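Since the structure comes first, as structure tokens, the remarks are kept for the end.
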């Protein structure tokens, strides 16, 4: 069944966007990425240090996976805009996963700084994929200023707590016209499937795979979960009932 | 003269270019970007952009993350 994910006019067959953080080494990361089937994967921008390059870019290019730079670690709009501009210069892509977090304990997005940065970057010609709170109002505002997706969190980054407010995610998917990507909080395959059943167009995750006991196998699990959840959403689930309803004919 | 390079104070010869600083920090050939005093310096301008005394240079590359 041909059912591509389309972001800013670009088609992806995989609806799983992955991160590269948290993997023990590049070999583990490579096997996990291949198993996940991802076609778009995030990297962070950091100072060049004496240890030299990390090799992650070469890995992604070799695997034919598109690079999506993020602005992880930025706390203000100004920092995020500069980081995005540096990423565009370094990686020759105008796509950016925009992250502006408020504090280290929660890593929750700072909505005021986020909206400001998103607007600046859209005006500067970026394709902006913002990591946002599960706030239906903020999601619409990000869409209205020209973001290519909205990416609400299921729960805070790295917690593996899953989707804590499914109704908010469903409110977002019911009103957004751009793709909704569930970003952050995924712990296991059922969380990813639920995101798709709630109407998300894709799932973005990193830790759930890279820090799993067997990252390669979890990468495969996430691939299946996203595909299964998507199919279920398109198939249309049965309504929930209070009383039983026999599926066999009466005697 | 002195400049801040990736958070470290460095003594640089007068007239040191951004390109020379990129070499100094051992940056890889590809996937690198530079900010001077909070603004991006496009790669095409690295050779002819001179780091001023007290300048703040950031040399960044992509790493695992997100």
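Any Cβ shown, glycine's included, is placed from N, Cα and C.
According to TrEMBL:
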- A:7-249: domain 'Thiazole synthase ThiG' (DOMAIN)
- A:97: active site, schiff-base intermediate with DXP (ACT_SITE)
- A:158, A:184, A:185, A:206, A:207: 1-deoxy-D-xylulose 5-phosphate binding site (BINDING)
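Taking the features listed in TrEMBL, we show where each one sits on the structure.
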{"residue": "A:97", "record": "active site, schiff-base intermediate with DXP", "contacts (Cβ under 8 Å, 6+ apart)": "A:42, A:68, A:69, A:70, A:71, A:129, A:130, A:131, A:151, A:204"}
{"residue": "A:158", "record": "1-deoxy-D-xylulose 5-phosphate binding site", "contacts (Cβ under 8 Å, 6+ apart)": "A:107, A:184, A:207"}
{"residue": "A:185", "record": "1-deoxy-D-xylulose 5-phosphate binding site", "contacts (Cβ under 8 Å, 6+ apart)": "A:153, A:154, A:155, A:156, A:157, A:159, A:160, A:161, A:162, A:163, A:164, A:191"}
{"residue": "A:206", "record": "1-deoxy-D-xylulose 5-phosphate binding site", "contacts (Cβ under 8 Å, 6+ apart)": "A:18, A:19, A:20, A:21, A:22, A:42"}
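Binding-site extent for 1-deoxy-D-xylulose 5-phosphate: residues A:158, A:184, A:185, A:206, A:207, maximum pairwise Cα distance 9 Å (rounded to the nearest whole number). According to its DSSP assignment, residue A:184 (1-deoxy-D-xylulose 5-phosphate binding site) is coil. With a 10 A radius on its CB, residue A:207 (1-deoxy-D-xylulose 5-phosphate binding site) counts 20 other CB atoms from all the protein chains. For the recorded 1-deoxy-D-xylulose 5-phosphate site, residues A:158, A:184, A:185, A:206, A:207 set the reference point as the centre of their Cβ atoms, and the other residues of that chain within 8 Å of it by Cβ are A:19, A:156, A:157, A:159, A:160, A:186, A:205, A:208. Secondary structure at residue A:206 (1-deoxy-D-xylulose 5-phosphate binding site), taken from DSSP and collapsed to helix, strand or coil, is coil.
Confidence over the domain 'Thiazole synthase ThiG' (A:7-249), given as mean pLDDT on the 0 to 100 scale, stands at 95. Here the binding-site residues are A:184, A:206, A:207, and the ones sitting under 8 angstroms from chain B, going by CB atoms, are A:206.
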